[in-house]
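First the structure, in the form of structure tokens, and then the observations on it.
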């Protein structure tokens, strides 16, 4: 069975058992009346069952309802159908004040019907020939308004300075100030120039996100013809059907697929209603994507440490044990489904590098937009500063030093032989984003 954990807030006067049973029925075979066609099938075989309800400590009138769905209710290899069934209708239910899908357990039999990420972590490292450290990226800013040629120039400067990737912002598709084909051509030129000068493989996440699936595939095909290593998709705004199609194309044609989670906070930000991001992340691993943004713990966007590391493990690892302290409600076995690299992005800069390296480990992408392009000397020195900071942190960690306690000292030592890093530290030493996370356990 597919198992689901719902956070249920019943309306006043509705017992939790009734609310849990209503969720199970409405998201499987139930309707509001008994119908004569019920007799033409075996409802016992197909109905969802609410098998456990537990109150949430410290919350009034909130419960975790566990529901089991028979596997035959779902089309093979379709995240779209899985979500339509489990969360399609039930969230507007009048008997509930609020409802949140906290976690899903996907059984091995269903996992095996999905291709999953286009390539996965090990294949990506082999393609890029980069091992033993996190990868570095940068979102090109300003996100809107640059011409294609100026955009390509910014890409070149960042890659030349030492970054592995640059990125289209999720808003950049094909607007009047910069059509997609022009952007693809200038970015490809920047990639090849930077590769020739550095001897390293470089990439730029060219966004294939478009208004129709046909247009999306046209952009992905053009990217492949240019010979670039990676494309990008906004998987929630683009939709799971489009995303799965693109992931299949990427595997067949040797393209890596970077996934942006634009719109996720509309769904996952509220603590008592919606769907937790760990559910969206599991769905993405099934639908397909080699990278996905997962919060930073230390930057400007939402993300508490334990919760973030919980879904980072769900993205990367083959087998994840149940661990309620990190928000993981079920043990999940991904069998041979490739892993996804978590991307830390949003309000981070060189002073965060030790913490990021310690929190996320080697299998991650650390993405600095303003933290590269905001360098007082320009884009290339900004990229140099980030690469020097990363190499210093990785070397210190490999020598057995503790990044959590010695991080500032490690960066300070590196500034002695990198004026670019010294300038970056001077600019960002006062920048902090000190707000409480909304989505806590």
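Even glycines carry a Cβ here, placed using N, Cα and C.
Of the residues 261, 269, 316, Swiss-Prot puts just one in the substrate site with 89, 139, 143, 293, 345: 261. Residue 139 (substrate binding site) and residue 170 (Mg(2+) binding site) are 9 Å apart (CA-CA, integer value). Annotated pair residue 143 (substrate binding site) and residue 260 (active site, proton acceptor), C-alpha to C-alpha distance, rounded: 14 Å. Apart from the site residues 167, 169, 170, the chain places the Cβ of 139, 140, 143, 168, 171, 172, 205, 207, 232, 260 no farther than 8 Å from the centroid of the site's Cβ atoms, the recorded Mg(2+) location.
Local packing around the Cβ, expressed as the count of other Cβ atoms within 10 angstroms, is greatest for 167 among the recorded positions 141, 167, 293. Summarising the environment of residue 89 (substrate binding site), the number of other Cβ atoms within 10 Å of its Cβ, over all protein chains shown, is 11. Looking only at other Cβ atoms within 10 Å, the busiest spot among the recorded positions 143, 260, 261 turns out to be 260.
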